[in-house]
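The structure appears below as structure tokens.
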Amino acid sequence: MAPKKPEPKKDDAKAAAPKAAPAPAAAPAAAPAAAPEPERPKEAEFDASKIKIEFTPEQIEEFKEAFLLFDRTPKGEMKITYGQCGDVLRALGQNPTQAEVLRVLGKPKQEELNSKMMDFETFLPMLQHISKNKDTGTYEDFVEGLRVFDKEGNGTVMGAELRHVLATLGERLTEDEVEKLMAGQEDSNGCINYEAFVKHIMAS
């Protein structure tokens, strides 16, 4: 019967173990420190007051008529929801990405797309901005977008990383389209001067 006596000691050891357990509780406190938020790029905000309207009075009248076709307000308030903005832009011959539409809208929350309203005077500068960018592109926007990947801050990005960006983000390109754009752009280290690359794209 003597060999059974050590068993309570095992229980004692188990009982003692939890006393050491609270020590690791301090570990979770370190988690908030690793917040990558500051590294996200800051896009220039759309400022309607800086947009110069270059449309003719006749064009503006046509745009207004099209705008009013999307007016779903009960009393005909001559307004559309934020969520309809992209539809109206496309009805007027523009082809903005959803990201571009959200940008000119001030990046509203999902629930605001159906609740917030705008009148034609608010919409017109957005149309002017999208229309102008469709033809000329925005060199600064492209450069700013690629600068995020410039880890060394020396004006270059890795060719492999740029290929990934072109193939997966925004207006996705096929592998062949990416290779045509990248042809002759990489240096001996496999890096690309992104400002020169943007000029190359916009000139082609």
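Every residue gets a Cβ built from N, Cα and C, even glycine.
For the residues S115, S188, Swiss-Prot attaches the annotation phosphoserine to S188, which does not rule out the feature elsewhere. Just one residue in T136, T156 has phosphothreonine written against it in Swiss-Prot, and it is T136. Here the modified residues are T97, S188, and the one ringed by the most other CB atoms within 10 angstroms is T97. The two recorded residues, T97 (phosphothreonine) and S188 (phosphoserine), have Cα atoms 35 Å apart.
Same-chain residues lying 6+ beyond the ends of the domain 'EF-hand 3' (172-204) with a Cβ under 8 Å from its Cβ atoms: 137, 139, 142-143, 146-147, 149-150, 155-160, 162-163, 166.
DSSP states for the domain 'EF-hand 3' (172-204), grouped as helix (H, G, I), strand (E, B) and coil, give 18 helix, 3 strand, 12 coil. Within the domain 'EF-hand 1' (58-95), the DSSP-based counts of helix, strand and coil residues read 22 helix, 3 strand, 13 coil.
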